[in-house]
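Chemist: Got a structure here, written out as structure tokens. Questions coming.
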Protein chains: 2
Amino acid sequence: MSIIKTIENLEAWLTDADHRNRTLGLVPTMGYLHEGHCSLIRAAKADNDLVVVSVFVNPTQFAPGEDFESYPRNIERDYELAVDSGADIVFNPEAGEIYVQGASTAVEVSGEITKKLCGASRPTHFKGVTTVVNILFNIVRPDKAYFGQKDAQQALIIKKMVRDLHMPVEVIVCPIVREKDGLAMSSRNIYLGPEERKQAVCLNCGLQKALEYLNSGSDDSRSVRKLIEVIENHIKGQDLAIIDYVRILDGETLEEITDIEPGKTALAAVAVKFGKTRLIDNRVLSVEVR
Amino acid sequence: MSIIKTIENLEAWLTDADHRNRTLGLVPTMGYLHEGHCSLIRAAKADNDLVVVSVFVNPTQFAPGEDFESYPRNIERDYELAVDSGADIVFNPEAGEIYVQGASTAVEVSGEITKKLCGASRPTHFKGVTTVVNILFNIVRPDKAYFGQKDAQQALIIKKMVRDLHMPVEVIVCPIVREKDGLAMSSRNIYLGPEERKQAVCLNCGLQKALEYLNSGSDDSRSVRKLIEVIENHIKGQDLAIIDYVRILDGETLEEITDIEPGKTALAAVAVKFGKTRLIDNRVLSVEVR
């Protein structure tokens, strides 16, 4: 087992007699693995004969001024964690391996699904994500690929890309893994100062309060406007928290809704800045059909 | 053998014990097959165990006002010709089979390669082409796919898409097949009236004259400006011919060039209208390195 850097070596591994014709799971990551990634790798190992973990900090999904340069990297530690969680190999290519000289082809999902939430503040982000995931799927050709519900919008967009383009891969979305106090795990959590770290739990708590309000039986408990207010009021109680967005949208298409309708899912999603660090979290909301 | 209409039936055929693990060639067409298509099917049969011919008039590569509705169709005849040429099956899906409900994902190659030539007069055309070819590659998953040099720009763009996205397929480009008088075969040739049909040979003759001038040893024989003039003057001699474009560009990138440089290829490409019928033709130009 080893860290594979080139497509040529990966192809040799994939087509080796011991590996071909076996089921293959792919866990695409940007590295700096935490327990959230490890849960994806374990899920992949449970479903497939072989598991490839890719570690690639994709430059095209960062806009100028975002944290591409400073994004945390530690490939040796990633390798240990990946193997301990069940990975067979770690694929860690350079950008020039993924993007050939003069590459100018993009895969883009259009519509509300990419315009809302993080698409509003990061207009080129998802085009970078769908293009690199498409490339990774073509290189690795997995049977199944694993993504975290933490990046709920990303997961919806990738599922849509796969469906629209009829890509021969099944996308599996795994639950958010949280710290003991409820903060969603993220590679960016290490940016937080001690007081910011304490207050960062407000994303999860605010979402939890919305879920409780939805089930409270109040007259306006299904009102999106009211539920957003519940979340915002909670987050605003933290003096270091600066809200980027609090939105509740259709759980599949991310189109605007005014009420949580029985039998349908909605996605409550928040993005909050602490200093330069931008955190996201979400909860799928649904009302029981009685 | 039969005409397969659904992805489900195609998938059953592809994964049948008699067909899996055999080499597979795909010839994507818009139907109304002629000898040019048949030459692609024969090439595919020579290279592969199995050959799939797709017949799909792709709505997304036609702009409003173009000939999508009137594009000639004859699936029974296409089936006979395809099988006679070596096809194992013909895949003839409805648009709703290729484009799922609410589909909004596009694959787009950007740069001069899609802006020049037909990209200038048909600005959304190649986005439709790359998206549908990407989908067909994902559905059929061929080892090799066959395209005609007749649509030289399309072939370059598809090769670039495959390279940029690391798609696991080899793109093979086959030579232009011509009528006895030199007119490049095209499904649209049937639109031509008798006098238009006679004059239509001027595309090929003009290109031939440019090739002759390039090899004439004249001082300006490698000048793109001069070679374009040679082609235009010839075509303008036909009173029914209306030039859409005559261009000579870099043979790989379609970037502007001023001279044909030894050791490099250039693409001389023409589009000419006869009434409502738009015909294209091309010649790869190169100068021997002495």
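Even glycines carry a Cβ here, placed using N, Cα and C.
Reproduced below are the annotations present in TrEMBL:
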ACT_SITE  B:His37  active site, proton donor
BINDING   B:30-37, B:148-151, B:Val177, B:185-188  ATP binding site
BINDING   B:Gln61, B:Gln154  (R)-pantoate binding site
BINDING   B:Gln61  beta-alanine binding site
Chemist: Looking only at B:Met30, B:Leu33, B:Val177, which of these binding-site residues has the biggest number of Cβ atoms within 10 Å around its Cβ?
Modeler: B:Leu33
Chemist: Which recorded positions (B:His37, B:Gln61, B:Gln154) fall within 10 Å of B:Val177 (ATP binding site) by Cα distance?
Modeler: B:His37
Chemist: Taking DSSP three-state, what's B:Met30 (ATP binding site) in: helix, strand or coil?
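Modeler: In the DSSP reduction, B:Met30 (ATP binding site) maps to coil.
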Chemist: Counting every protein chain present, what is the number of Cβ atoms, excluding its own, within 10 Å of the Cβ of the residue listed as 'active site, proton donor'?
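Modeler: The answer is 28 other Cβ atoms.
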Chemist: Measuring Cα to Cα, how many Å separate B:His37 (active site, proton donor) from B:Ser187 (ATP binding site)?
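Modeler: Per the Cα atoms, B:His37 (active site, proton donor) and B:Ser187 (ATP binding site) stand 10 Å apart.
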Chemist: Per DSSP, B:Val177 (ATP binding site) is which: helix, strand or coil?
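Modeler: Looking at the DSSP assignment, B:Val177 (ATP binding site) belongs to neither helix nor strand, so coil.
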Chemist: Roughly how many angstrom lie between the C-alpha atoms of B:Gln61 ((R)-pantoate binding site) and B:Gln149 (ATP binding site)?
Modeler: 18
Chemist: At the level of the C-alpha atoms, what whole-angstrom distance separates B:Met30 (ATP binding site) and B:Gln154 ((R)-pantoate binding site)?
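Modeler: Between the alpha carbons of B:Met30 (ATP binding site) and B:Gln154 ((R)-pantoate binding site) there are 14 Å.
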Chemist: About how far apart, in whole Å, are the alpha carbons (Cα) of B:Gln154 ((R)-pantoate binding site) and B:Gly36 (ATP binding site)?
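Modeler: It is 15 Å, counting Cα to Cα.
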Chemist: Starting from the Cβ of B:Gln149 (ATP binding site), draw a 10 Å sphere and report how many other Cβ atoms land inside it.
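Modeler: If we count other Cβ atoms within 10 Å of B:Gln149 (ATP binding site), we arrive at 19.
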Chemist: Other than its own, how many Cβ atoms are within 10 Å of the Cβ belonging to B:Gln154 ((R)-pantoate binding site)?
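Modeler: Other Cβ atoms found within 10 Å: 23.
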Chemist: Just to confirm: which same-chain residues, 6+ apart in sequence, have a Cβ under 8 Å from the Cβ of B:Gly36 (ATP binding site)?
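Modeler: When sequence neighbours closer than 6 are ignored, B:Gly36 (ATP binding site) has B:Gly148, B:Lys150, B:Ile176, B:Val177, B:Ala184, B:Met185, B:Ser186 within Cβ distance under 8 Å.
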